[in-house]
Amino acid sequence: MITDTFSRKSEYSTNKLRKRLRRLVGTAIADFNMIESGDRIMVCLSGGKDSYALLDILRNLQAHAPLDFELIAVNLDQKQPGFPEHVLPGYLSEINMPFRIVEQDTYSVVKRVIPEGKTTCSLCSRLRRGVLYRVATELGATKIALGHHRDDILETFFLNMFYGGKLKAMPPKLVSDDGCHVVIRPLAYCKEKDLAAYAQLVQFPIIPCNLCGSQPNLQRQVIKEMMQQWNKKYPGRLETMFTALQNIQLSHLADTSRYDFVGIKPHGIATEEGDKAFDEELLPDSPVGMNHDDAASELDEACSTEAVQGGTI
């Protein structure tokens, strides 16, 4: 009886989470015009939770959306020691997904250049990016899809602000630095914890990301922990911060290259949007980015935890 109840609850949670993730991906794709009819999309698959979820959701979209587009999964085997070469080909063959495994020994290059015990992620990423751009050209891909999510975007924003002195995040859609490809991030509106929960429920064959032995990026880890503490103490803060990235007012920053502060003159016309220079701005009591789904998600999580701790499941 307990097993049946748990099974039903698990199935309900999986379906609810799947629908939410699909809706968020669909919204991001529509907002940024990420996918167009006739696209050939190269989905970069690392074997981690995010790229698995990305491929899974895009396959569902391909089956049900009115747009006609192709998907091809690409994995870069960087020859890291212990990398399970059979996992991704087995999974992709099982789901009848066209794929290509690219073998390129970037691991040896990184180990030769970066001192032992240092973070190798930056160089590894640059080498991987170059290979993937080349493969995208060979495949005739019109878009390159990456599995970065909302938390990645916010982390990058704070990394650039705190350590780089720039207001710069990770765009949901951009032209690649070689100028030849359009890169999209369909998971831009998805929370990392939702993707982690989905991967666990669906049981993707996850490949560990630390096979290279690299030390963690300490700066990114500091930012990640800061965001986790904020979210725990002030629920909804991350949603509000992400909303802020979509609501930029250049006239209220201080970048003279982006806004003509030099040419400002009074125009004699009162506007509701005008700045009340001497007034403290009234802010809403509830976080701006918090919506019904976010609140429901928090409640579901709290109820599930309470049920488990209370022994009702």
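Cβ from N, Cα, C; glycine included.
Annotation source Swiss-Prot lists motif 'PP-loop motif' at 46-51, citing sequence analysis. When Cβ-Cβ distances below 8 Å are used as the criterion, the motif 'PP-loop motif' (46-51) is approached by residues 75, 87-88, 146-149, 187, 192, 195-196, 198-199, 204-207, 209 of the same chain, each at least six residues removed from its ends.
If you look up Swiss-Prot, you'll see CYS121, CYS124, CYS212 marked as [4Fe-4S] cluster binding site.
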DSSP residue counts for the motif 'PP-loop motif' (46-51), split into helix, strand and coil: 3 helix, 0 strand, 3 coil
Whole-number mean of pLDDT values that fall within the motif 'PP-loop motif' (46-51): 95
